[in-house]
Amino acid sequence: MENYGLFIDVGNTSVKIGIGVIDRLLISYTLSTNNSLSGDTLGIQLLQCINHAEQVINKDITISSCMMSSVVPTMDTLLQYACERFLLCKPHIINQDFIIPLDNHYEEQCEVGADRLVAAYAARRLFPDSKSVVSVDYGTATTFDCVTDNTYLGGLICPGIKSSLQALYTNTAKLPSIILNTASKVPIIGKNTKTSLTHGFLFGFATMTEGIYSKLINVLDGPVTFVATGGFARDMANVVCCFDAVCPDLILDGLHLLWIDCLSKSYSL
């Protein structure tokens, strides 16, 4: 029977669910982060994801183990209950049950979010020929996480695109809703509010990214690989010139790689 792993990335805005086998991730899903849901409701949602995946690959799926990264502690207990009751497996939670195999140089190691460490680990594993790697995650916050050799050096935490836009909506009247994507490689001088907002946000964050990149390459040992991830990764990669790779589900990739490591070392999962 083939080994199937379940991978759960719990962020402040969304929960990403991945299902994979040894050699690859098969499929992923995105749910809204909602800690008011019951564990039973979350369990049913997990089963719905698995049932859909079975239809896609035309095979029965029995989850043998689960790896979870979470930055929302209130979701941990709910998802643990959901996995144990509905999937008959206990999720292994990063930084609780399993430690990322990077030399962590953060002053207070417990302060680093599991998502940042998993993304950094994935970037390190996926691009082994680079002396240094930087994962740039466009999530609720925009984070830059730096690894040289096998050492997690730390990083930068900047405002997030969506949360910044929501703050603007909250404090400003009459702003229209916008979709943050564009086919243009250069900013357009907006002649309406939607265009002004779209290009202001996209190219504003693009310039921030490129500015930080230009500083980091002077302090990191090279060569340096810059990797974009998160919900806005593809949109930002269209207007940012410094990315070497775009991996929208880098945290799921990292959980999958950690799962493979555990299986290869015969850890109990």
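Each Cβ is built from the backbone N, Cα and C atoms, and glycine gets one as well.
Feature annotations, courtesy of Swiss-Prot:
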- ASP9, VAL10, GLY11, ASN12, THR13, SER14, VAL15, LYS16, THR140: ATP binding site (BINDING)
- TYR106, GLY113, ALA114, ASP115, ARG116, THR193: substrate binding site (BINDING)
- ASP115: active site, proton acceptor (ACT_SITE)
- ASP137: K(+) binding site (BINDING)
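Swiss-Prot feature annotations superimposed on the structure.
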residue : record                 : Cβ contacts under 8 Å, 6 or more apart
ASP9    : ATP binding site       : VAL15, LYS16, ILE17, GLY18, MET68, SER69, ASP115, VAL118, ASP249, ILE251, LEU252, LEU255
GLY11   : ATP binding site       : THR33, VAL71, VAL72, ASP115, GLY139, THR140
THR13   : ATP binding site       : SER32, THR33, GLY139, THR140, LYS162, GLY231
TYR106  : substrate binding site : VAL112, TYR152, GLY154
GLY113  : substrate binding site : VAL71
ALA114  : substrate binding site : SER69, SER70, VAL71, ILE93, ILE94, ASN95, ILE100
ARG116  : substrate binding site : SER135, ASP137, THR143, ASP145, GLY155
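Across the annotated binding residues for ATP (ASP9, VAL10, GLY11, ASN12, THR13, SER14, VAL15, LYS16, THR140), the two most widely spaced Cα atoms sit 14 Å apart. Residue with the densest Cβ environment among the binding-site residues THR140, THR193: THR140, by other Cβ atoms within 10 Å. Of all the Cβ atoms in the protein chains shown, 27 others lie within 10 Å of the Cβ of ASP115 (substrate binding site).
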